[in-house]
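In what follows, a structure is listed as structure tokens, so that the remarks can point back to it.
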């Protein structure tokens, strides 16, 4: 079922005005409201305890994946199928009972992807966990009515339309920052950012949870040298990364973390993009460029393999044992507001 907000909030700071009316946010000005606070007292991964009597396969110290690396050079897990037991890890994290937010943007013709994303999410994404899908859209009437599991809800946030797809991409950081401040912070402990033009195909579970989880981009995870990553290379941009630096190239289509850590990262991408705009420059891959800059110097605590965001455009190599979620083939010229340009 759908939940809508009906109250009115008007808050004023010296540099901006934020009005919230009937599920609609109107933001005037370019700065984040000065009343924003970022408390650090939310949900955290706690003791790794589980109930007695749970049956599962005995783990081995000798056998496992040998075709891929399962740990980063800063000793964070690099998660692939075969590196965890879903029975064990779900049992542990369900006991912690986090409230999970999933933020997606369905602007313009992208509302056509909502049904497939939500229905497949209910089948495969954090099943039996508490989940709220926050749907940011300019077409509230196009949000489908989906049968949801226990403890799972949909919350619609109305935002303005866009003339360029780049505005949608960059706007994700702005509107998410504002809505965390005004709503999500009170309703969730953990937050994922995801692209709506995707469908879940297999289990996407608690193994993805950590303080800050990033997903390897499918196009650059094997043999790409760091000087060939599509980072922003213009020194004039806040997203600039020198050719001789870099760990991995991360996708901005799926990422997650503790609510306040995600707030910090989302706000960073927004404010850095605003600084670029003042200097009349736009990072080569918009918020994905700023995301990669942040994660280079603020390492993710868990790295997820491209199983956690594949693409229907690409064949599946042998090291990808399961595709958990995949981006759909589509006509960008038809679905994007500026014809994909």
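Cβ atoms are placed via backbone N, Cα and C, with glycine included.
What TrEMBL says about a protein is an automatic prediction, not a curated fact.
What TrEMBL records for 288 is active site, nucleophile. Residue density at residue 288 (active site, nucleophile): 23 other Cβ atoms are found within 10 A of its Cβ, drawing on all protein chains shown.
Summarising the annotation, TrEMBL assigns UDP-N-acetyl-alpha-D-galactosamine binding site to 105, 106, 107, 110, 195, 196, 197.
What TrEMBL records for 195, 197 is Mn(2+) binding site. Sequence-distant neighbours of residue 195 (UDP-N-acetyl-alpha-D-galactosamine binding site): residues of the same chain at least 6 apart with a C-beta under 8 Å from its C-beta are 104, 253, 254, 327.
Taken from TrEMBL, the feature transmembrane segment applies to 7-28.
Per the record's binding annotation for UDP-N-acetyl-alpha-D-galactosamine, residues 105, 106, 107, 110, 195, 196, 197 show a top Cα-Cα distance of 11 Å. Distance between Cα atoms for residue 196 (UDP-N-acetyl-alpha-D-galactosamine binding site) and residue 288 (active site, nucleophile): 16 Å, as a whole number. Contacts of residue 106 (UDP-N-acetyl-alpha-D-galactosamine binding site) defined by a Cβ separation under 8 A and a same-chain sequence distance of 6+ are given as 113, 114, 135, 136, 137, 139, 142, 143, 196, in order along the sequence.
Looking at residue 110 (UDP-N-acetyl-alpha-D-galactosamine binding site) and residue 288 (active site, nucleophile), their Cα atoms lie 19 Å from each other.
Counting only residues at least six positions away in the same chain, the Cβ atoms of 136, 137, 159, 168, 171, 172, 175, 196 sit under 8 Å from the Cβ of residue 105 (UDP-N-acetyl-alpha-D-galactosamine binding site).
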